[in-house]
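Enquirer: This is the structure I want to talk about, given as structure tokens.
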Amino acid sequence: MLMKLTSRSVSLVPIVSTVAAVALGATLIVTATANAATTLGAAAAQSGRYFGTAVAASKLGDQTYVNLLNTEFNMVTAENEMKWDATEPNRGQFNYSGGDRILNQAVSNGKRVRGHALLWYQQEPGWAQRMEGSDLRQAMMNHVTQVATHYKGKIYAWDVVNEAFADGGSGGRRDSNLQRTGNDWIEAAFRAARAADPGAKLCYNDYNTDGVNPKSTGIYNMVRDFKSRGVPIDCVGFQSHLTNNPPGDYQANLQRFADLGVEVQITELDIAGNQQANAYGVVTKACMAVRACAGITTWGIRDTDSWRGGENPLLFTGSGAKKPAYTAVLDALNAGGPGPTTTTTTTTTTSNGPGPGPGDCTATVSLNQWAEGFVATIKVTAGSAALHGWRVTTTLSNGTVTNSWSANRSGTSGTVSWTNVDYNANVPAGQSTEFGFQGTGNGSGLNPSCAAS
Ligand code: 9MR
């Protein structure tokens, strides 16, 4: 309110008849407005980020909870409802009631959804807990495919694999029946998820990764390996269940992952301890300082919603009042930082003869550009007739493709051609499919053109 009054009084000043004074007045108004966001979601959105929370379907009838959810947050994670035990209680029998409820509530209120989690050694349904080996591997991959397909096109990012690394000094994988199906289970899961929902970002998510330590380094090495071999991974989730300040290298750790070319996300933030407000500020500032940090999710809304009973680790009291930690987060979001620069450009091309006809398609690009590189997602849309194969050409003048998914590639810079893979050749009339690639350098000016083949 104070900012608003200040900006109004400044805007009255231009009675002084110099252009400079008018311009100064205008500038100040813009700045004050941009800094005046009063909710977490709106404050995060100023730098292109999101601010989310875990939601429990059972609480969607609680008016205080829903009011805070709808007012403060623009991203939602199902706390339990999209996990394996909830979505496939019996082998091959899927139940999406809780997950759908959360998703529909979020989407109808303009929020996006993080999917959590396709494979996790905990909350496996009983039938899967009793399985091993190739039978389990098949069930796991079917689970990934079925759930990602059910939510296709609706999920911003999936935690494809959750908590697969061991605590302590080994830097290696955690033992589980999932792990015992073979060390390649994680990449197999990522590939299955990409095939099922090419539009979702695919994340690896874990805890005790709040600084450079053996566990986070083990994950870092896996992500680097995945990137070098073209395994489709787009993001790493840092759960950040903390007590007081994170380690001093929290931001540096986020940055080293970002430098591998993945988005980083703070996925389950809650902080206990008497330095809570300060610690929330430190974590939020760290995300704001890392361009590829796309957003923050707290693991619940009010202290009474937390899984950490009695520790009061969240931003709102049990009665829904804002805590000092809330103000620390809001201020850090409002202070700004380098945003993930997402630009969307649209290019339409191709027609076989005049007007729309069989074989038409269009290609549009959504570009996520950061200082050193970019991820481009290309959407191929069929015209008035179905496609049975397609070719897209892009121009990459100042960059090099390092990794791509869901298309065959010819070339890495300059004119690069992309053709469908088996599973996305057929696109019904008016429908779309997506492929993507990552590169170093600048991805602007891709100017995609599409042709049926
Ligand atoms: O908050 C979730 C709680 O309601 C469940 O009982 C618990 C089951 O293990 O999972 C909690 O959420 C976890 C999340 O899915 C993964 N990271 C750790 C979270 C806290 O345990």
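Glycine residues also receive a Cβ, built from the backbone N, Cα and C atoms like all the rest.
Just lifted these from TrEMBL, have a look:
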- 1-36: signal peptide (SIGNAL)
- 34-332: domain 'GH10' (DOMAIN)
- Glu268: active site, nucleophile (ACT_SITE)
- 334-357: region 'Disordered' (REGION)
- 340-353: compositional bias 'Low complexity' (COMPBIAS)
- 354-453: domain 'CBM2' (DOMAIN)
- 434-453: region 'Disordered' (REGION)
Enquirer: Count the other Cβ atoms sitting within 10 Å of the Cβ of Glu268 (active site, nucleophile), across every protein chain shown.
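Expert: Its Cβ has 24 other Cβ atoms within 10 Å.
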Enquirer: For the domain 'CBM2' (354-453), jot down how many residues DSSP puts in helix, in strand and in coil.
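Expert: Counting residues by DSSP class gives 3 helix, 60 strand, 37 coil.
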Enquirer: For Glu268 (active site, nucleophile), what is the secondary structure by DSSP, using just helix, strand and coil?
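Expert: For Glu268 (active site, nucleophile) - judged by DSSP and reduced to three states - the answer is strand.
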Enquirer: Check the domain 'CBM2' (354-453) for me and report the mean pLDDT.
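Expert: Summarising the domain 'CBM2' (354-453) by its mean pLDDT gives 85.
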